[in-house]
Amino acid sequence: MANVHDRHHLISEIDDEVNPGPMNIQFDSSDLRSKRPFYIEPTNIVNVNDVIQRVSDHASALDKRIHYYSRLSTPADKALIAPDHVVPAPEECYVYSPLGSAYKLQSYTEGHGKNTSLVTIFMIWNTMMGTSILSIPWGIKQAGFTTGMCVIVLMGLLTLYCCYRVVKSRSMIPSLDTSTWEYPDVCRYYFGSFGQWSSLLCSLVSLIGAMIVYWVLMSNFLFNTGKFIFNFIHHINDSDTVLRTNNSSPVICPSAGSGDYPDNDSMIFYANDTGVQQFEKWWNRSKTVPFYLIGLLLPLLNFKSPSFFSKFNILGTVSVLYLIFLVTLKTIRLGFHLEFHWFVSTEFFVPEIRLQFPQLTGVLTLAFFIHNCIITLLKNNKNQENNVRDLCIAYMLVTLTYLYIGILVFASFPSPPLSKDCIEQNFLDNFPSNDILSFIARIFLLFQMMTVYPLLGYLARVQLLGHVFGDIYPSIFHVLVLNIIIVGAGVIMACFYPNIGGIIRYSGAACGLAFVFIYPSLIYIISLRREERLTWPRLIFHICIIILGLANLIFQFFM
Amino acid sequence: MEECGSEKKMEKENLGPRMDPPLGEPQGSLGWVLPNTAMKKKVLLMGKSGSVDVEHSHVQFLGNLVLNLWDCGGQDSFMENYFTSQRDNIFQNVEVLIYVFDVESRELEKDMHYYQSCLEAILQNSPDARIFCLVHKMDLVQEDQRDLIFREREEDLRRLSRPLECSCFRTSIWDETLYKAWSSIVYHLIPNVQQLEMNLRNFAEIIEADEVLLFERATFLVISHYQCKEQRDAHRFEKISNIIKQFKLSCSKLAASFQSMEVRNSNFAAFIDIFTSNTYVMVVMSDPSIPSAATLINIRNARKHFEKLERVDGPKQCLLMC
């Protein structure tokens, strides 16, 4: 008979790697009014005996009264909602049994946030750190070293400013109670259902883009893992055929001489070893392995609730830390190989300033993307006045991490034998499959991605089916069709276009256009206009941001 | 959804929004006496409503009293005209006038003016009517100021009401005061309440009950009660009332009507049942060894007695009785 107010933890534990996930999913309604009358002022807890605390008669009568009134009117009718001065401000929450006893819950809070600044910063960092970290060195290579570094810093600042606008957007809405709103709700307030649908679309673009990238990467890592194990068991050393460095820390250039597609060593021929040939036939990076994953992951996607998987979120942090460690170790072994050629491309080096830098900005748009759930993440901050400071610190840490990994991988890439152009879109591909350290990294990432993939699928399903059909689980048939489409897209990309850098930059620029560049600026301009505080400098500045976002997307197709 | 209008009226802070006629048990006095509307006494409930669109409606309770709700002091001039033109009609045959004042109203003068004009009409048309004034929304006043403000208002109202006598209550829907106010109003409306109490006591002693409550059928206000020993919870009447009303709401959603309930555990047994045509009874027995059947038979037998009581000494209207 006890009325326990259930707290869903999903929103705090879904750490979406590539694209921080939940849009508009308020598992934990922090609307205080909806939780009355379960709040009882501590003075109303009367000890009858020491074992069970009872509630005073006055509080119990108030509870019954409020219960009854709430049945008399519709939930939309505000006249019968207990006003603030009647229901005592909740200091603590008690589980209140109508029989009169009250139990204090230790861990419950009212949604006012129990996270210290440190935890909040860590959560933001963890949510932003995604698989786009694997493409940063490639992005730096595409932009040129100096340009790359500048672009990373500038994009960090730009997206930080837009994120700040997102966080502040709710406070500019004067008349409504926005305490439960996420950013898509704000968009809907300003732009009507167009805002709602476009934000849904952008969120889906980023989610499905993330899932495709995941599928490609998972096939890649699974392939390499299988190859490592096979070679390990059969003591095969296939190190001779691919362009590589000859020392203890080998780095390979898989795409040398094989055109655009980093193929899967199909040029390895062991004429007198049919066993290996058989293995090569059945364990092929782009022809077979993507399909093996279907049997593993498609069932997982159909689960109604993926909260089981959210327990594995710590793997994401472990993976990133391990990557940092790996990169540091490799750099120590390989040393720095940097030469600065400003505009000209040499045999081994790329110019410092290249025209393909929009590819890096596209990757970074997704790398710095957290705008659709930053409000929820900051809501749980204990000291709300530190929100902006914590956000800046988190962005700084993320920028530093990206810079660290990008610069170290780029700089340590052994350029005299290999060209910088060899840096792959997934920098782990530059290590041969028999390299132990990168094998461990691949295993970590593979396992972590397999646990995040169902979560992403769940988010996509909730948003798409929830908005289109109104029910997040209309029937197994609907869900199955959706999952087959998503998985099919992943498989097709893994077979024919496994360039994660490309996928990341296109989807990043597309969804970032709405959430990062256009909506925050436009909403700010509109709200200033309504308050009549719009000045020319501000207008021009924000219009420039919008133009930058558009240019970001357009140049993805040309550069 | 429809429900007994009088409850809704008492609960809502704003009087007078649209109300559907009550569903539920038809209340007539008795089977073979045709209710004569000219005989029915009115309970006038008046006050200022927040909404302009007002219908007055009839709610029957206590069998032969009709509750009329009027919004006055509103901005609607149509309503005002209608009010003034129909004055005599409205104020005839009034048994009770309940006037609700909003404690945070900014137009005290206007309120008093309306109140006085109502009183004049009462004096002309139904000079025997009883007057009750409710100073409502007291929860909006600071706690330490409440008594003071209420005393002031009471003084003013008493003064203005002369030569008529008025009783004042301070109420708020968010605490027990509203329920208590309505309970005392209803208490005054019942003509033979002392006799009822005496009979209730006899009944309780005979069946060895701990407590017996009599509820009015439509509104579940406690008309009278008897308890043989001190009970811990002073708010229990309102709580029971709210619980049963909520249960009745749920029942009516299924197109069923609430008739009776038995609640039992190792310490007590409680029976809520239809009693007379206007009342429900609740009997609380603390001796669980007494079988339910015994108590239910007792209640059934007592029913006839109380019906007779209601008829014979009943409200003055039912004189056409055998």
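Using the three backbone atoms N, Cα and C, a Cβ is placed for every residue, glycine included.
As written in TrEMBL, here are the features:
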| type | residues | note |
| --- | --- | --- |
| DOMAIN | A:117-235 | domain 'Amino acid transporter transmembrane' |
| DOMAIN | A:296-555 | domain 'Amino acid transporter transmembrane' |
| TRANSMEM | A:118-140 | transmembrane segment |
| TRANSMEM | A:146-167 | transmembrane segment |
| TRANSMEM | A:197-217 | transmembrane segment |
| TRANSMEM | A:289-305 | transmembrane segment |
| TRANSMEM | A:312-336 | transmembrane segment |
| TRANSMEM | A:356-378 | transmembrane segment |
| TRANSMEM | A:390-411 | transmembrane segment |
| TRANSMEM | A:436-456 | transmembrane segment |
| TRANSMEM | A:476-500 | transmembrane segment |
| TRANSMEM | A:506-527 | transmembrane segment |
| TRANSMEM | A:539-558 | transmembrane segment |
The domain 'Amino acid transporter transmembrane' (A:117-235), counted residue by residue under DSSP: helix, strand, coil: 105 helix, 0 strand, 14 coil
Long-range environment of the transmembrane segment (A:390-411) - Cβ separation under 8 angstroms, sequence gap at least 6: 117, 120-121, 124-125, 128-129, 133, 136-137, 139-141, 145, 148-149, 152-153, 156, 159-160, 163-164, 167, 320, 323-324, 327-328, 330-331, 336-338, 364, 367-368, 374, 378, 381, 420, 423, 427
Cβ-based contact of the transmembrane segment (A:146-167) with the transmembrane segment (A:289-305), 3 or more pairs under 8 Å: no
Maximum Cβ pairs under 8 Å to the transmembrane segment (A:356-378) - stretch from the list A:436-456, A:476-500, A:506-527: A:506-527
Tertiary contacts of the transmembrane segment (A:476-500), as residues 6+ beyond its ends and Cβ separation under 8 Å: 131, 134-135, 208, 211-217, 219-220, 261-262, 285-287, 289-291, 293-294, 297-298, 301-302, 425-426, 457, 460-461, 464-465, 469
Of A:118-140, A:289-305, A:436-456, A:506-527, whichever stretch has the most CB pairs under 8 A to the transmembrane segment (A:312-336): A:436-456
Maximum Cβ pairs under 8 Å to the transmembrane segment (A:289-305) - stretch from the list A:436-456, A:506-527, A:539-558: A:436-456
Intrachain neighbours beyond the transmembrane segment (A:539-558), with Cβ under 8 angstroms and 6 or more residues off its ends: 158, 161-162, 358-359, 361-362, 365, 505-506, 509-510, 512-513, 516-518, 521-522, 524-525
Same-chain residues at least 6 beyond the ends of the transmembrane segment (A:436-456) whose Cβ lies under 8 Å from its Cβ atoms: 14-17, 19, 21, 131, 207, 210-211, 214-215, 217-218, 221-222, 224-225, 228, 296-297, 300-301, 303, 306, 309-310, 312-313, 315-316, 318-319, 322-323, 326, 329-330, 428
